[in-house]
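Taking it in order: structure first as C-alpha cells, then the write-up.
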Amino acid sequence: MKTLTVELGERSYPIFIGQGLLGQAELFKPYVTGTQVLIVSNTTVAPLYLEKAKQAFSGYDVKTVILPDGEQYKNLDVLNQIFDVAIENRFDRKCTFVALGGGVIGDMTGFAAASYQRGVNFIQIPTTLLSQVDSSVGGKTGVNHPKGKNMIGAFHQPECVVIDTDTLNTLEDRELSAGLAEVIKYGLIVDYPFFEWLEQNLPGLLARDPVVLAEAIERSCQNKATIVAKDEKEAGLRALFNLGHTFGHAIEAGMGYGNWLHGEGVSAGMMQAVYLSKLMGDLTQTDQKRIAAILQSAHLPVMPPKEMSVQQFLDLMAGDKKVQAGQIRLVLLKAIGQAYVTGDYPAELLERTLIEYR
C-alpha cells in the first residue's frame with residue numbers, strides 16, 4: 001500500500017492506494033466520527049462492492065443510499081435522496097458519509113456532507129479510474145444545473161481517500177479510457193516526464209496491468225495533491241487542472257449529460273485547447289500530433305461532436321463558472337508539461353478554433 005498526503009494544515013488527509021483495501025476495516029476506523037455511517041453508491045457499483053464496504057464499517061450503525069448511475073442524475077432532485085435517508089434515520093452532526101462509486105457519487109456525497117447540518121465528515125472510496133486520479137482528491141463537490149456543469153457546489157475535504165485498485169477490474173473499457181484522459185492531463189499541464197512515461201506504458205494501462213495502473217494513479221494523485229496544497233480554493237495554480245474542461249463541459253451539456261462521459265469531453269476539449277495554443281504560436285505541430293496520438297491510442301475522441309454549432313459552444317462556455325467579468329478564461333499550453341491560464345487571447349482565434357477544429 002502507498003500513502004500520499006494532501007497537505008492542508010490541520011485539515012490534511014491521506015490517500016491510500018493499493019489492492020484489497022476495501023477489505024481492511026482497520027484502515028477506515030481512524031477516519032470515522034460518531035456511530036452512524038451512510039454509504040452512498042449507485043446501481044452499477046452497489047451489486048459489486050456494497051457488501052464489502054458494509055463489512056468494512058461493521059460495528060457502526062450503517063445505512064445505505066443507492067442512486068441511479070449516470071451524469072444525468074447529478075442534480076438537486078437526486079441529491080435529496082441522500083438527505084431523505086439521513087434525516088429519516090436521525091443522523092447527527094457526528095455522522096460519516098461514505099462515497100462508494102465514481103465521480104458523480106463522490107461529488108454528490110461530498111456536497112451532501114458539506115450541506116447536511118452545515119457540514120459532516122465524509123470518506124471517499126473511488127471505484128473508477130477518473131475518480132481515483134482526479135475528482136476524489138481536492139475537496140471539490142457539487143451537482144449540475146441544466147444551464148451548466150458543477151454550478152452548485154462547495155469545497156469540502158474528505159477525511160481520507162481509499163483507492164482500492166481491485167475495483168478497476170470490473171470497470172468498463174469506455175470508463176477506463178475516460179479516466180485516462182485525466183491521467184494524460186497531468187502530463188500535459190505540469191509533468192513532461194510523466195507524459196513520456198505514459199507514452200511508453202499506455203499498452204500496460206489499457207491491459208489493466210496492476211503495477212502500471214498503481215504507478216499512474218500514484219503519480220496523478222501526487223501531482224494533484226501538490227497543487228491542491230498550494231491552492232485549495234482555485235485562486236490560481238489549481239486552475240491548471242481545467243485544461244480542456246471549459247470546452248469539455250460545453251460538450252457534456254450540449255450533448256445532454258451522460259451521452260459523452262466527462263473524460264471523453266475533456267479529451268476532445270484538450271485537443272481544442274491544443275489547437276488554440278498552436279494558433280497562438282505557443283505549441284508546435286509536433287507536440288499537437290503527439291498529444292492527439294496518445295489520446296487516440298487511449299481510445300478517446302480527439303474531435304468535438306459535429307452536432308454542436310460554434311454559437312452553441314460560445315453560449316455554453318460563456319456560462320462556465322470560471323468566467324470572470326464576462327471573460328472566458330482558458331488553460332492553454334506553451335509546451336507539453338507547461339500550461340498557463342489566460343483570458344488574453346484574440347476572440348477570433350477562439351472562434352477559428354471552434355470552426356476549424358471539428
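Along the chain as shown, residues are numbered 1 onward.
The backbone N, Cα and C atoms fix where each Cβ goes, glycine too.
Here is what Swiss-Prot records for this protein:
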type    : residues                                         : note
BINDING : 69-74, 103-107, 127-128, Lys140, Lys149, 167-170 : NAD(+) binding site
BINDING : Glu182, His245, His262                           : Zn(2+) binding site
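Same-chain residues that are not part of Glu182, His245, His262 yet have a Cβ within 8 Å of the Cβ center of the Zn(2+) site turn out to be Leu130, Asp134, Ala181, Lys185, Gly244, Gly248, Gly263, Gly265, Val266. All protein chains considered, the CB of Asp69 (NAD(+) binding site) has 18 other CB atoms within 10 Å. Comparing the binding-site residues Gln72, Thr128, Thr167, Thr170 by how many other C-beta atoms lie within 10 angstroms of each C-beta, the top residue is Thr128. Within 10 Å of Gly103 (NAD(+) binding site), counting CA to CA, the binding-site residues Glu182, His245, His262 contribute His262.
Between Thr128 (NAD(+) binding site) and Glu182 (Zn(2+) binding site), the C-alpha separation comes to 12 Å. If you take the Cα of His245 (Zn(2+) binding site) and the Cα of Thr167 (NAD(+) binding site), they are about 26 angstrom apart, rounded to a whole number. Long-range neighbours of His262 (Zn(2+) binding site) (same chain, six or more residues apart, CB within less than 8 Å of its CB): Glu71, Gly103, Leu130, Ala178, Gly248, Glu252. A C-beta separation below 8 Å, combined with a sequence spacing of at least six in one chain, links Gly106 (NAD(+) binding site) to Ala99, Gln124, Pro126, Ser131, Ser135, Ser136, Thr141. Taking CA atoms as the reference points, Gln72 (NAD(+) binding site) and Glu182 (Zn(2+) binding site) are 20 Å apart.
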